[in-house]
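Undergrad: According to TrEMBL, the record shows the following:
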- 12-34: transmembrane segment (TRANSMEM)
- 75-139: domain 'Copper amine oxidase N2-terminal' (DOMAIN)
- 165-261: domain 'Copper amine oxidase N3-terminal' (DOMAIN)
- 305-709: domain 'Copper amine oxidase catalytic' (DOMAIN)
- Asp377: active site, proton acceptor (ACT_SITE)
- Tyr462: active site, schiff-base intermediate with substrate (ACT_SITE)
- Tyr462: 2',4',5'-topaquinone (MOD_RES)
Amino acid sequence: MLVLRMTSLVKWILIFFGLISVIANIVIVCLYSGRLPKCSSKPHHVFKGKHNERSAVFADLSAEEYLQVRDYMSNQKDLDISVNALTKPSGNFLFLIDVLLPRKADALGYLDNNKPKPVREATAVVFYGTLGHIKEYVVGPLPNPIYHRDVTVERYKEELPINARTVTIGEYALISKFINEEVFTKLGKIAKESFDVSKEKTLNYFEGMPRGVKSGERQTWISFFRDLSGMYIHPVGLEVLINHESTNASLWSVKRLLYNGQYFDSVEDLLKQYDDGKVTKIVYKPVQNYASLKLKSKPTGLSPQQFYAQGKRFSVKNNHVMYLEWSFAFGLSSLTGMRVFDVRFKGERIAYEVSVQEAMSVYGSITPGMILTKFLDSSIGIGRFAHELVRGVDCPYAATYIDTFRYIDVSAPQRFRNSICLFEHNTGRPLRRHFSDFFSNSYGGMVNSALVFRTITAIGNYDYLWDFIFYQSGSVEAKVHATGYISSSFNVDGNLKYGHQVAENTIGNIHTHFINFKVDLDVLGVENVFQTKDMKFMNVSLPWMPERYAMVPQLVEAQLKTEKEAALRYDTKTPRYLHIASNRTNRWGHQRSYRLQVVSFTGDSLPETEPEEKSMSWARYKVAITKHKDSEQTSSSLYSQNNMWTPAVDFSKYIEDDESIENQDLVAWVTTGFLHIPHAEDIPNTVTVGNGGGVILRPHNYFDKDPSIHSPDGVYISPGSEGNCENNKMACLAEDACSPVVEPFTYNGFEGTIKFEE
């Protein structure tokens with residue numbers, strides 16, 4: 001018995017001391033953690049050179065400059081312009097103010113040769129409802145403008161008809177009023193029984209585009225959806241065609257209706273046939289909101305985060321960025337979105353401009369709201385919808401965030417806080433590495449740490465993530481990913497030919513995504529050539545056995561001479577290596593060049609027999625090379641969406657003159673994208689994985705060897721030196737540990753949302 005008691009006592013003593021040990025260790029760890037130094041906010045990295053103040057020639061307009069242009073234009077009494085965002089279509093409305101980029105020769109003269117600074121000017125777009133046309137003006141100089149000049153015909157070779165205009169907030173307000181009065185008020189019983197519409201409860205709507213089938217028309221099929229978050233995947237089975245061609249809203253009319261797959265000539269026709277029992281009725285029933293993005297699981301912890309242990313290795317000043325060997329200027333156009341200029345690596349200009357140009361989608365459906373739909377997003381405004389980025393989700397928490405200002409379809413310039421982010425990113429895979437196992441033993445490698453310049457634009461249902469990525473190997477990647485909600489239509493007979501059912505009565509409609517980038521490479525100057533390289537198998541006699549043959553891959557090279565030769569279509573086989581090259585050579589005698597590597601999964605482009613195709617003719621080409629012209633600034637225009645049949649900009653005309661591209665200033669127009677066949681996993685949102693495309697600009701014989709070999713991020717390990725920090729910073733990571741400085745979370749993203757009232 002005594003032995004048992006002693007054994008029990010020893011057991012409890014051991015348990016007691018064990019608990020004391022655990023508690024002591026926890027206390028020690030906590031105390032030690034608390035002593036970790038804060039990570040430095042000041043960079044240890046020493047920057048090469050200084051920020052280029054001359055990059056301001058590419059800067060977006062400031063809030064003050066927007067106001068100066070607005071006030072100057074509104075004070076010109078002969079122009080009779082309103083700046084009220086709710087101006088009716090019958091009025092004259094100042095729709096857009098944007099920076100006018102300088103002529104390239106003037107900008108390069110200023111940047112490189114100390115020539116005079118280009119005059120800073122703006123473009124102002126006015127919708128003249130009273131006169132039935134659209135005008136574009138150059139306004140300058142900035143600051144403090146004193147002149148304006150009509151450049152409409154100079155730019156587009158013709159006047160712009162008023163029905164080519166974007167639908168404004170003022171017009172949307174009238175459309176909503178018209179729909180309520182001319183459709184739902186009259187539908188009465190049907191609206192209640194089929195859609196539960198009342199004075200307190202309405203439906204949301206989404207438009208098909210283009211608005212008609214020929215120039216001059218402005219007839220829009222409007223599809224209706226439940227008033228729920230994520231409305232785009234809650235179609236109710238009602239679509240209405242309205243004619244709003246006139247700038248006088250009192251002359252608008254309802255042309256046709258579609259109810260549950262059946263067409264009607266008027267609201268009265270639908271009411272009569274409904275009452276006569278000749279219609280298959282839609283019976284309203286509540287549904288769970290499967291489109292909601294509210295959390296389905298309670299958050300249990302944080303995902304992995306990244307921070308800067310020794311400060312940031314990039315710097316932003318005004319619109320100029322420096323990162324290791326890279327520097328560039330940036331901007332965000334209201335119409336076309338993100339763009340960078342004067343991109344330099346090791347002090348040499350690689351590109352004058354890399355920019356987004358257009359985002360286009362063509363839909364398939366049996367229902368009228370989508371059967372003809374072809375979206376051209378720059379006509380709505382790609383950059384216009386770049387709202388605040390959510391820290392820690394849209395970009396890493398510790399990223400640098402930048403505000404932007406815009407003036408489009410508003411009464412005053414809008415500030416969009418934190419709408420661009422910039423961060424250095426460890427991709428999680430090495431940029432290069434080799435483990436030597438034969439003859440000698442060593443390891444050499446380098447982390448793939450790159451600078452990401454990002455914005456995200458939420459254009460209606462879709463959200464596009466735009467990235468420009470700068471790698472230490474001298475490569476630049478322009479990249480897009482799509483997420484957000486798919487567009488959908490009500491499930492009626494025959495619609496399964498155009499997509500999959502993804503929810504009750506809901507078809508996710510097949511569609512294409514085409515994205516166009518402008519890549520103005522200047523490889524060691526502006527006199528460049530366009531070359532292609534590929535492979536072919538040749539039947540070769542073996543030198544030591546002449547009677548024996550083998551199929552051996554061989555290099556095939558060509559230099560294309562004219563714009564038509566260099567218009568490489570998607571419906572033909574194109575060489576796999578495409579180069580903008582200089583006539584200067586590297587150490588090994590090869591022409592120094594940059595390669596265009598297109599990453600794409602596009603669907604088929606719209607057949608050229610279709611009258612709307614001219615507005616998106618750039619989508620024919622995987623890559624098209626043209627001689628630089630200041631008059632060929634963009635591949636699309638603000639007016640393409642609503643006048644597809646006679647577009648203000650038809651990209652194919654850039655190629656028709658078939659100019660020489662040998663030893664010229666060359667521009668590459670690159671098209672990428674993907675085909676989207678919606679499926680159940682697109683509910684509630686499409687994910688970014690696999691849904692994107694882009695172009696990588698890669699040095700090809702531009703250097704004598706890989707420039708990343710000089711990066712401070714390299715690691716080298718030889719036997720016996722595994723713990724040596726001199727050639728392997730990772731070996732001393734524990735000694736450099738620090739606790740990150742975390743800024744408080746804020747979000748003001750709802751400040752810039754569209755409002756249809758004062």
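Going from the start of the chain as shown, residues are counted 1 onward.
Using the three backbone atoms N, Cα and C, a Cβ is placed for every residue, glycine included.
Each of the listed features needs to be described in terms of its position in the shown structure.
TA: When DSSP labels each residue, the domain 'Copper amine oxidase N2-terminal' (75-139) comes out as 10 helix, 25 strand, 30 coil, counted as helix, strand and coil in that order.
Computed over the domain 'Copper amine oxidase N3-terminal' (165-261), the whole-number mean pLDDT of the model equals 96.
The Cβ of Asp377 (active site, proton acceptor) has Glu358, Ala359, Met360, Ile459 as same-chain neighbours under 8 Å, each 6 or more residues away in sequence.
Long-range Cβ proximity for Tyr462 (active site, schiff-base intermediate with substrate), meaning a same-chain Cβ under 8 A and a gap of 6 or more residues, is found for Ser361, Ala482, Thr483, Gly484, Tyr485, Thr686.
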Undergrad: Reported in the order helix, strand, coil, what are the DSSP residue counts of the domain 'Copper amine oxidase N3-terminal' (165-261)?
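TA: Going by DSSP assignments, the domain 'Copper amine oxidase N3-terminal' (165-261) contains 32 helix, 29 strand, 36 coil.
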